[in-house]
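Asker: Have a look at this one before I ask anything.
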Amino acid sequence: MPTLLGFCVIDFLWLSLALCFLLAFCVHRLSRYLPTGCEHSKLYILFQDLIRYGKTKGPLKRDHWLRVFDIPKRWFWHFYAISVVWNGFLIVLSLHMIVWGQKFPSWLTDILGFLTTGGPVAVRQVPQVSAVLVQVLLWVHSLRRLLECHLVSVFSDGVIHIVQYIFGLGYYILLGLTVLCSDPLIIEEGSPAFPLLSQLRWYHVAGAVFFSWASLLQHRSLVLLARLRTGGSGTVETLAHRVPSGGWFELVSCPHYLAELLIYVSLGIVSGSHALTWWLVVLYVLFNQALAAQLCHEFYTSKFQSYPQHRKAFLPYLL
């Protein structure tokens with residue numbers, strides 16, 4: 001299959017997703033300049049319905065037929081459950097290859113072969129420490145988020161579009177495959193048990209430390225959000241939206257979205273500078289989370305007249 005500039009299928013896929021969300025972000029920001037009445041057009045409402053979820057859907061005047069496609073936002077935990085199972089399975093397969101020299105199943109090899117068309121070629125792919133670390137950290141991230149959905153977060157009756165739900169399920173499946181695709185191919189000779197520990201470099205440690213800090217930032221931000229709806233005993237007292245405060249909420253409206261970006265940046269550091277594919281994933285997460293944060297920020301500023309004016313939506317002092 002022909003490629004452009006050395007990009008393979010998986011690279012084009014993530015770049016396309018990143019550009020789609022960048023376009024959605026720009027269109028939304030420019031929509032405030034639309035002529036009066038355009039905000040009531042069916043096309044505009046459909047666009048907003050596809051990019052909004054949860055509390056940000058509230059101000060949108062939707063026709064009844066659009067509500068047929070609503071899925072409870074609390075079903076977010078399905079995404080992380082899929083990720084824990086799927087990415088845990090891929091970790092087992094990688095370890096079997098490293099320790100016992102077993103090959104990936106033919107169906108997985110075919111998928112990876114299609115996604116990496118145009119990429120580097122080698123006699124045999126042996127998972128390296130970068131890929132294994134990213135797999136493990138991604139699994140840890142998914143497990144933490146799954147537990148937070150059940151034990152920390154307090155969901156209201158907010159909804160997401162069924163298209164967003166299906167996309168979220170496929171996203172974490174594709175993410176696991178992307179880790180394997182971004183693993184550089186090397187030729188192994190001799191023992192199938194490749195010495196992973198001998199490959200450890202400073203950026204692996206730095207990335208893991210950064211991942212831990214970003215994960216803690218996200219967890220603390222989610223705890224602060226949950227406390228807006230719970231009492232001192234932890235019982236839910238209200239499902240109303242309130243102005244968040246404390247921690248990084250003093251700088252941005254959505255530090256949990258910022259932390260999500262930083263988590264993916266940390267995985268990019270672990271991957272190494274050669275992992276172009278993963279940095280395209282980071283680019284996608286940047287635009288995706290920026291759009292979600294902008295919508296939340298607009299909700300807060302429109303609902304609460306006393307909302308702090310110095311807060312940015314996503315990036316401190318910038319956006």
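Positions of Cβ are set from backbone N, Cα and C atoms, glycine also.
What TrEMBL records for 12-30, 75-101, 121-141, 162-180, 200-217, 261-287 is transmembrane segment. The domain '3-oxo-5-alpha-steroid 4-dehydrogenase C-terminal' annotation in TrEMBL covers 202-319.
Show me how these features fit into the shown structure, please.
Answerer: Using a Cβ-Cβ cut-off under 8 Å and counting only residues 6 or more beyond its ends in the same chain, the transmembrane segment (12-30) has close neighbours at 4, 47-48, 51, 115, 174, 178, 277, 280-281, 283-284, 286-288, 290-291, 294-295.
Beyond the transmembrane segment (75-101), the same-chain residues lying 6 or more positions past its ends with a Cβ under 8 Å from any Cβ of the stretch are 108, 126-127, 131-132, 135-136, 138-139, 142-143, 145-146, 149-150, 155, 160, 165, 168-169, 171-173, 175-177, 179-180, 192-194, 196.
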Asker: Grab the same-chain neighbours of the transmembrane segment (261-287) for me: Cβ-Cβ under 8 Å, and only residues 6 or more beyond its ends, written as numbers and ranges.
Answerer: 8, 10-11, 14-15, 17-18, 21-22, 24-25, 130-131, 133-134, 137-138, 141, 175, 178-179, 181-182, 184, 201, 203-204, 206-208, 210-211, 213-215, 217-218
Asker: Within the domain '3-oxo-5-alpha-steroid 4-dehydrogenase C-terminal' (202-319), count helix residues (DSSP H, G, I), strand residues (E, B) and coil residues, in that order.
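Answerer: The counts are 75 helix, 4 strand, 39 coil.
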